[in-house]
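Below you'll find the structure, written out as structure tokens, and then a few comments.
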Amino acid sequence: MKKPLGKIVASTALLISVAFSSSIASAAEEAKEKYLIGFNEQEAVSEFVEQIEANDDVAILSEEEEVEIELLHEFETIPVLSVELSPEDVDALELDPTISYIEEDAEVTTMAQSVPWGISRVQAPAAHNRGLTGSGVKVAVLDTGISTHPDLNIRGGASFVPGEPSTQDGNGHGTHVAGTIAALNNSIGVLGVAPSAELYAVKVLGASGSGSVSSIAQGLEWAGNNGMHVANLSLGSPSPSATLEQAVNSATSRGVLVVAASGNSGAGSISYPARYANAMAVGATDQNNNRASFSQYGAGLDIVAPGVNVQSTYPGSTYASLNGTSMATPHVAGVAALVKQKNPSWSNVQIRNHLKNTATGLGNTNLYGSGLVNAEAATR
């Protein structure tokens with residue numbers, strides 16, 4: 001999450017909807033909201049979709065009850081549907097034995113050539129001197145998009161934000177994150193941790209800096225389907241989501257190292273998705289290697305990285321200094337890319353464990369996890 005000279009707090013404004021209809025009585029259509037329906041198995045998803053498509057967006061629950069559903073997205077790798085319903089119909093649908101859960105499609109927000117201090121602090125130049133710059137490693141930036149910039153080489157991507165088909169960044173957050181990962185070594189601007197890594201702009205947050213769980217889950221699915229080695233998620237929410245956890249697990253099972261921001265509220269608990277076991281949770285430190293006051297901590301924190309006054313790329317071919325665990329997370333994603341280049345046969349789990357084992361200990365593991373990510377030690 002981005003903290004531009006102030007505090008940006010992860011929020012969960014909810015975007016949900018449902019519509020109730022009956023074969024006996026018809027009332028004025030209720031306002032619809034967005035939900036995620038999780039099924040026990042993939043076959044049940046297909047059968048459910050076939051039924052609502054055959055009945056003009058209506059699920060028939062019994063002879064006397066129907067539920068009007070608008071299908072928004074069918075996930076390929078997890079048994080989940082993104083739909084619009086009226087809230088009154090949720091209880092009726094939950095009685096279907098093939099449905100595991102129904103949850104609101106909650107909103108998730110950003111956690112918001114000189115060599116920036118953070119790049120030096122994680123000792124990335126030492127790895128560069130060994131010829132390790134992230135070459136051949138694919139890093140997906142699940143964020144607000146990435147703007148065209150002379151200091152960035154964007155290889156591709158996709159947008160999962162309704163109404164924003166372009167992967168260009170209308171906020172600034174994603175472009176800043178991308179620069180910390182892979183700003184080019186081109187004698188201008190700033191230098192990234194892994195300047196030769198392949199950047200992919202996966203837009204899951206809109207210009208406002210927020211987005212839905214379904215968009216983020218689709219972004220993770222895209223990362224798994226397109227052979228990404230690392231996925232940077234500088235975003236979070238205080239609320240759990242079964243769909244988002246499944247998406248993290250699915251991406252991890254397909255070889256993606258999911259690196260996520262711990263959150264910016266300063267609380268002694270980690271935000272989601274960073275709190276999930278298969279996500280690598282990253283906290284923020286300042287120039288004195290102390291925990292940044294805003295950085296969330298606690299059980300499940302894996303590692304820390306610089307997150308205060310971080311200078312990086314910004315839209316309009318400019319540069320900006322921002323604060324946040326969002327700024328810390330791409331330092332870790334970048335070091336992961338360096339390790340992957342050096343050890344191309346290593347799995348995401350091996351890379352995650354290696355980053356933790358080679359981190360510089362800073363004391364209290366509740367505050368710092370395994371310590372400060374260390375590119376020099378990780379690439380020896």
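The backbone N, Cα and C atoms fix where each Cβ goes, and this holds for glycine too.
Counting every protein chain shown, the number of other Cβ atoms lying within 10 Å of the Cβ of ASP143 (active site, charge relay system) is 33. If you look up Swiss-Prot, you'll see ASP143 (among others) marked as active site, charge relay system.
For HIS173 (active site, charge relay system), other Cβ atoms within 10 Å of its Cβ number 33. Marked as active site, charge relay system by Swiss-Prot on the basis of sequence analysis: HIS173 (among others).
Sequence annotations record features per position, and here Swiss-Prot assigns active site, charge relay system to SER326 (among others). In the three-state DSSP scheme, SER326 (active site, charge relay system) is classed as helix.
The feature Ca(2+) 1 binding site is assigned by Swiss-Prot to GLN113, ASP151, LEU184, ASN186, ILE188, VAL190, with experimental evidence given as support. Counting Cβ atoms from all protein chains shown, ASN186 (Ca(2+) 1 binding site) has 13 others lying within 10 Å of its own Cβ.
The secondary structure of ALA274 (Ca(2+) 2 binding site), as reduced to three states from DSSP, is coil rather than helix or strand. Using a 10 Å radius centred on the Cβ of ALA274 (Ca(2+) 2 binding site) and all shown protein chains, the other Cβ atoms total 29. Per Swiss-Prot, the feature Ca(2+) 2 binding site maps to ALA274, TYR276, ALA279, ASP302.
As annotated by Swiss-Prot, domain 'Inhibitor I9' applies to 34-111, with the evidence given as sequence analysis.
Swiss-Prot lists 116-379 with the feature domain 'Peptidase S8', giving sequence analysis as the kind of evidence.
Under the heading signal peptide, Swiss-Prot lists 1-27, citing sequence analysis as support.
Closest in space to SER326 (active site, charge relay system), of the binding-site residues given as ASN186, ILE188, ALA279, is ALA279, taking the CA atom of each residue. You'll find the Cα of TYR276 (Ca(2+) 2 binding site) roughly 19 Å from the Cα of ASP143 (active site, charge relay system). The 10 Å shell around the Cβ of VAL190 (Ca(2+) 1 binding site) contains 20 further Cβ atoms across the protein chains shown. A separation of roughly 28 Å, to the nearest angstrom, links the Cα atoms of ALA274 (Ca(2+) 2 binding site) and LEU184 (Ca(2+) 1 binding site).
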